[in-house]
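Feature annotations, courtesy of Swiss-Prot:
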SIGNAL    1-18  signal peptide
DISULFID  144-211  disulfide bond
DISULFID  189-240  disulfide bond
DISULFID  199-242  disulfide bond
């Protein structure tokens with residue numbers, strides 16, 4: 001009886017006790033940190049609470065931890081972006097650049113984190129509210145169809161820098177243990193989409209519309225016309241926007 005009693009006590013306190021949530025460590029993976037470009041970290045040692053036989057562990061702890069990590073990363077990214085006062089004409093946002101030995105299989109980390117944050121927000125809704133908040137169920141469509149993909153310097157070859165000059169984008173960056181390729185995450189208007197003849201949802205009786213690819217500046221290793229190699233801000237495709245002009249009366 002004594003052994004049975006001790007076993008029951010140990011089991012009881014074992015179920016009541018939950019392992020503490022360890023802090024998520026962010027470690028840079030497979031890319032070189034260089035001026036203006038942040039390395040992409042991974043959520044590595046994320047150990048959640050141990051789930052007991054009675055299901056005493058709450059999933060909100062894990063969600064709160066992920067939200068905390070996401071907010072820290074997004075806040076850190078805001079510090080990387082220059083102030084609007086010093087940069088009204090160019091967006092220096094450089095999370096679209098990655099140095100890697102192979103083609104990245106997923107979008108940049110911050111893109112995934114924003115999607116996951118939206119998923120966490122939706123997870124807190126009731127099933128009915130979640131269905132009504134789904135853009136597909138509300139009939140929401142993008143004004144312009146766009147595509148995003150990773151491209152290499154071999155695809156770009158040349159680019160325009162901030163001074164308006166044409167520079168050669170170097171395909172490989174030398175590092176201590178070899179070389180890494182430069183990859184750029186570009187977004188542009190989809191030439192095979194349904195909006196190549198004009199923006200979606202625009203009244204053609206009163207407006208002329210066109211989907212256009214816009215560019216932003218990112219930092220990359222380049223070579224100018226004088227064979228000088230260095231890190232420069234170059235323009236890459238980053239979005240597809242709708243431009244409108246009013247139709248004049250005849």
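A Cβ is built for glycine as well, from the same backbone N, Cα and C atoms used for every other residue.
The number of other CB atoms found within 10 A of the CB of residue 189 (disulfide bond), across every protein chain shown, is 21. Here the candidates are the disulfide-bonded residues 144, 199, 242. The one whose C-alpha lies nearest to that of residue 189 (disulfide bond) is 144. DSSP assigns residue 199 (disulfide bond) to coil in the three-state reduction, outside any helix or strand. Taking Cβ-Cβ distances under 8 Å and a sequence separation of 6 or more, the neighbours of residue 242 (disulfide bond) in its chain are 143, 144, 199, 202, 209, 210, 211, 212.
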